[in-house]
Amino acid sequence: MTAPESQFLPAITHQLPEEYTQLLGELNREVSTTNPEDVLQFCANFFNKKLEEQRVRFMSAHTSHPQDIRGISPSPSNQDHLMDSDQDDDDEEEEPDDIEEDEGHDEFPTSLPIPLTVPVNYNRGRRTSVSAESMAPTTGQAFDKVVIPKTSEQRARIEASIANNFLFKNLDEDQYGDVVNAMTEKHVQNGEKVIEQGGVGDYFYVVESGAFDCFISKNGGPQQKVTAYIAGGSFGELALMYNAPRAATIQATTDSVLWALDRVTFRGILMENTSRKRRMYESFLEEVPLLASLEPYERHKIADALESVYYDDGEAVVKQGDVGNNFFLIESGEATVLKQNENGVEREVNYLTKGGYFGGMF
């Protein structure tokens, strides 16, 4: 007769670290309170946030009380690992410097009680992030395709909703079909919150009908409306792209209909196109003096709306008297601004180079 399996299990005689039990207790309470749809991603975000808190505490002490950590430096082996981590990250998703502002991370105190010591194994053997999947753009990593049955009428409604959305413009036929197949219809009532700042990013949303307000809370202050979305608009991509908490709260202002795309499909198909375009335009926008004072998330929105248009030397971009429908930023090249007086004589009034702009006032 075989003894029960439990008889061969060694008895646990040592006590678990107090920090470990406290973390698990806090995680259990968070899961019980929020009841997340994606438990794995929720846990990843929880531990990622805790890791960032530890790093911020260390950096805050370094800034506020450098005398307390003078002489503390990573061991040579740790330095080598940090360098390897940076190199390894080339094979993973990029994490911009402004991720905290973009993704609504909690704000932490800038001063701390002293003394503060660095953990013995601080950053040793750790990756720079915790995520449910490492599906970096440009890797072409395969993923399980999601197919949600739809009627012809539903497919037509999806295609109409995404027709003018920049995220879907450069997809090939197969990618486009995969996106449509994976989308699911979601009806939202007036006043309902679709996503909440700090929450887990599970879906990307496209608005078919209705309207939504976007609110952001900074430094723990009251939420302020920053923008609105109507039919054809979309939201929720930043948290999925960077595996970070939600950057804002989105609330319906009318009964509405959304099309939701799951995180894995979004990252597998759309992220590669979006990331390449956004990186290219954001690096350009940072050099435009007019936009230097914008918040990172505001530059994100402008980058998403930009589209490159090429003009030959001598070709007119806009003509005096025409109706103005666009605002132009010079990405490369030069442009001369000419103005006609009452006698019909043209004269040069301005000369523009990279970073220059026109179309807003004339």
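Here the Cβ of each residue, glycine as well, is placed from N, Cα and C on the backbone.
Positions annotated as 3',5'-cyclic AMP binding site by TrEMBL: GLU237, ARG246. Under the DSSP three-state reduction, GLU237 (3',5'-cyclic AMP binding site) is assigned to helix. Cβ neighbour count for GLU237 (3',5'-cyclic AMP binding site): 22 (other Cβ atoms within 10 Å of its Cβ, all protein chains included).
Summarising the annotation, TrEMBL assigns compositional bias 'Acidic residues' to 85-105.
The domain 'Cyclic nucleotide-binding' annotation in TrEMBL covers 167-287 (among others).
According to TrEMBL, the feature domain 'Cyclic nucleotide-binding' maps to 290-362 (among others).
Residues annotated as region 'Disordered' in TrEMBL: 60-120.
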